[in-house]
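Quick notes on the structure that follows.
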Amino acid sequence: MTDDQPPGPTGAADAVLPAEAVVDLDAVAANTSVLRERAGGADVMAVVKADGYGHGLVPSALAALSGGATWLGVAHLAEGLALRAAGVTAPVLAWLVVPGQDLTAAVAADVDVSASAPWAVEALAAAARRTGCAARVHLKVDTGLSRGGATADDWPDLVRAAATAQADGSLEVVGLWSHLASADDPAQDGLTRRQVERLAEAAEVAARSGVRPPLRHLANSAGVLAHPATHLDLVRPGVAVYGVSPAPGRASAAGLGLVPAMTLRARLALVKHVGAGEGVSYGHTHTTAAPTRLALVPLGYGDGLPRHASGGGPVQVRGRRYAVAGRVCMDQVVLDLGDDDAARAVRAGDEVEVFGTGAGGGPTAQDWADAAGTIAYEVVTRIGARVPRRYVGALADQGVPAAAR
Ligand SMILES: *Cc1c(COP(=O)(O)O)cnc(C)c1O
């Protein structure tokens, strides 16, 4: 039997959507200014890779710049070029290139590129000769993450290649940098200290080859918030810009003065009565214990909700939290509301909150991460393109995202 009550919203002027991600650009700006304060004298490079961790590349970038960031960081060249195409003139660093990739557009657009090996330096110098502008490079040293960056053994060769290209004017070495492995984990603070020392040692080696760039940078969000020794000249916070704690074991977002910028909302597509003993969703991993109401939320793993949060992901309905009943499907999840007065008040069309700021006891991306055994970074970043973004806040009213999209 379907819900016999008429659905909630009728005749709304705004388009009624099954789901949307509301992004508060003022929160992005405010979080950036908190990070800037925490970074002491260091400049802030707001990391906006992966579509601004799912929040929108250009709107996030503009909001972060208005909050005091002076640099933007991205993984891919295409992300840096998209910022330039949107009219962003702030310095941009892109750190993930592969051999054979055409770097000409990046050099022409004044996008700084990271080099972890001599081939990257040579490719940048070649692109510089083609465009007639010097390429701006940040040399990356591996100080302990064992991901990007030259090892201490390979570092002298990288520095020598850069010194040669710099001498002939095709290259400008702007920075020396590295990335932290475990700054979120208090049990590994010794490693963070060693990474600071290894970057300093790499800078000495570079200086002996005459490479003395103006910038050294190391800190991610957790470095900014927990390790002042990592701040150096420039910090590269990502997840904290969006109001998500990089280290929930150290401090919550609220405890850090950060406001989660993304709120994921949906409208219930259906509310219906079912009896006791009914299996719910694929595989019947949930069974109704008593006569109850089931509510259908039009979001699933196709929208980025983690399937690992089956049976656990929280959704706020009329001020009450319910865990997803049974499996997360591609497009939908089911809530088992029970049959009390609160459940009986729930209507198809009601707006529900999947995650947001946590105000009023609502669920957060961190709660979804906990339910899925992952990190909140992944939860917000994977909210997919099928979910429309709506930008709010004074910055949005000033047309920031309009310029951006
Ligand atoms: C993603 C990334 C960052 C930002 O990390 P957060 O933990 O989100 O602050 C900084 N630097 C590099 C190289 C990255 O890949």
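A Cβ is built for glycine as well, from the same backbone N, Cα and C atoms used for every other residue.
The active site, proton acceptor annotation in TrEMBL covers LYS49 (among others). Within 10 Å of the C-beta of LYS49 (active site, proton acceptor) there are 19 other C-beta atoms, taking all protein chains into account.
With a cut-off of 8 Å between CB atoms and residues at least 6 apart in sequence, the same chain places GLY326, ARG327, CYS329 near TYR282 (active site, proton acceptor), listed in sequence order. Annotation comment: TrEMBL describes TYR282 (among others) as active site, proton acceptor.
Taken from TrEMBL, the feature substrate binding site covers ARG147, MET330. Around MET330 (substrate binding site), taking its Cβ as the centre, 11 other Cβ atoms fall within 10 Å, counting all chains.
Annotation source TrEMBL lists domain 'Alanine racemase C-terminal' at 261-392.
The N6-(pyridoxal phosphate)lysine annotation in TrEMBL covers LYS49.
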Query: Can you tell me the three-state DSSP label for ARG147 (substrate binding site)?
result: coil
Task: Can you grab the distance from LYS49 (active site, proton acceptor) over to ARG147 (substrate binding site)? Cα atoms, rounded to a whole Å.
output: 17
Query: Taking DSSP three-state, what's MET330 (substrate binding site) in: helix, strand or coil?
result: coil
Query: Within 10 Å of the Cβ of ARG147 (substrate binding site), how many other Cβ atoms are there?
result: 10
